[in-house]
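Visitor: Have a look at the structure that comes next, please.
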């Protein structure tokens, strides 16, 4: 009884002074920026709000977590491709960018992305962008391949990995069959290409930590990966090299959003602001990070940083295919194809 | 036992029974009915008023070969695991029940069934540690054997089967043991006195007499294995897509609860069919 | 006098089975004491992972939540289950067979089906996910175990004792408290331990019913396993498996489950 009463009085005090310390829950990939310990600690010190991390294994799962756990999350990381669907389903709320001072640093190209700004309302704050391609284990493959067909190379049979994700798999197959990732005309060819890839696989990887462990144990030669994560794995001392093959790589834009059911919107926006803060980004990039969507943050990087070196290379940039909008029908088609392929194993 | 006569008795009976059965109704029987109802919906009522009745989810099961293929694959997995459990477990029960006696038997029996009551997830995880490449199993074998072996068992169907056998083997041992133990020694002695050999006794006496127990164990293994999803997910890698994992996906990822409900209900129908067909045997085994 | 039907070979087989059953668990436990974060050998002893686990608030909270849920489930399931067992034992009535049959679905139907059905139903009635949902589900799974265990104990109870007590003028409650309950107490203890274990080890139903951030220990372990293994998971798993085996060891002793008559 006493504890209940004393915590009530603390709450009343906090409300009166406006210095309410919230506990916010952040939903993201594991090991992807928001859960770095320095970030949470600095944030708590500055604002008093503590951060709890929750993870998803796929974007599909992320959406379902939002749908079936109203009120459980305050900040969610959403790939721009999935934002229109989240908005249509009323899962995320419009953001008052005035509450996010660092938003001014985000260039028009990202800020006004039609997947994030819908009917003039901002639903996602552009956070990072990067590439999905593949990385090699340099102790197994000394010479970096130039073609995406390396994933299909029988020399690596049983030592390849991709993610268990319908969209990523289909877009990978589109690249490998010379098709537009956003308009796969010949679905049959992509499906057949994936059917050839599956027997090559050792397993599916589901998180960066997972990926690192497979590489550290020497269980994989070659696996799909994200540019920021590759930089991070290399920084950990793993023999890893990220490859942007001649067929191209998938470009993505990740954003931070606030679930409509969040009851700590103010603290959530404060956290998002911190996540696009140049100070946070420079520190994150030192550990390995994707490219920041905030021009101020990107400019704050040292000249030799991976994100300036590789992604800044115009020749590489020309090979990037950014993910476009995806209709529900297309997504369901991909899902059906992918499910069928996995079931046939 | 008393026939119910007085109204006081009836009231007491209801007072004692209803809490437990009301609980089971709310937590099991109503949910199962709700699942049947949801399986014929186009969308979830909690997501909006636009829903209607449909048989589309069941039609999908019949038209899209993926689901039938996976159900068949899961049934095959169930069969494989069950057969292996019987082949390994029955001899073990036989040894326990017929050749070991006294305190040793009690202790050994307890040792065999104890893992069964421990956390199944943790046991599957322990297999993942043992089977992973460059894992303990390979290192151990390479230390003993003069030549190098590379098993690479992790993320294969074999790994899933091994994990599931480990999980459900004690069921078969338990039920077979109970049946074998109940067989009267005099029958064996009588058979022996008229010159029956060990194999004859095993084949003509022990096996038929303990068959209900053995089959009950088989059913208890088969049913949960067909519905397994956590084991293939952890041990199966790319081979780990089964009927159970697709149902899990509908609920935690794809968010197609009506389809998930329909798939669950089809599985339930299969399970109930098996339980009904084998219920005379189960009753004979007194379980 | 029974002659052994099977020779030494049989005992060897039994020994192999025991190795098969216990070796992986032992390896898993041993690895929780290995210093390498990547499970690398040679083995070097360390209690580092236990220290890290103890310092991980998420694991500790989940463990405490699992234990408290299991305690609540044990209380409810034992009380309701014992009452039902006594009623089923003491009275004969129409529909009794059906009621006994209804105890099997929670045990016999795969948890995947029960769990998803509960999820659908609890959402439909507005309860949603969370600890209350988990408790409701666990009690339903534990009830049949309690009823079976208590009923087994009751079967050796002499009903005339109750009648004798009543004939000496004892009321219904007195008979229950002074005669029936003391007799079935061991059965209740065993049933309670089963209920605790069912809840404490339950993964599938908790997985579908627990709210993120309020997950039980097994759910936390599953989430962690899917993100890649760490010896910290070995440490917590070792503790869990030791606890549940100890509980079941005591429970089987109490109920003489399957042992010698």
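Including glycine, each Cβ sits where the backbone N, Cα and C put it.
Please treat TrEMBL annotations as automatic predictions, because they have not gone through curation.
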Visitor: In TrEMBL, which of B:53-74, B:75-96 is tagged transmembrane segment?
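Guide: Here TrEMBL associates transmembrane segment with the stretch B:75-96.
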Visitor: Among B:20-44, B:75-96, B:259-282, point out the range having the most Cβ pairs under 8 angstroms from the transmembrane segment (B:108-131).
Guide: B:75-96
Visitor: Among B:20-44, B:151-180, B:201-223, B:259-282, which stretch has the highest count of C-beta pairs below 8 Å with the transmembrane segment (B:75-96)?
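Guide: Between the candidates B:20-44, B:151-180, B:201-223, B:259-282, the best contact partner of the transmembrane segment (B:75-96) is B:151-180.
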Visitor: By a Cβ-Cβ criterion of under 8 Å, what residues six or more beyond either terminus of the transmembrane segment (B:201-223) are in contact with it?
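Guide: 78-79, 81-82, 85-86, 89-90, 94, 98, 168, 171-180, 183, 187-188, 191-192, 271, 274-275, 278, 281-282, 284-285, 287.
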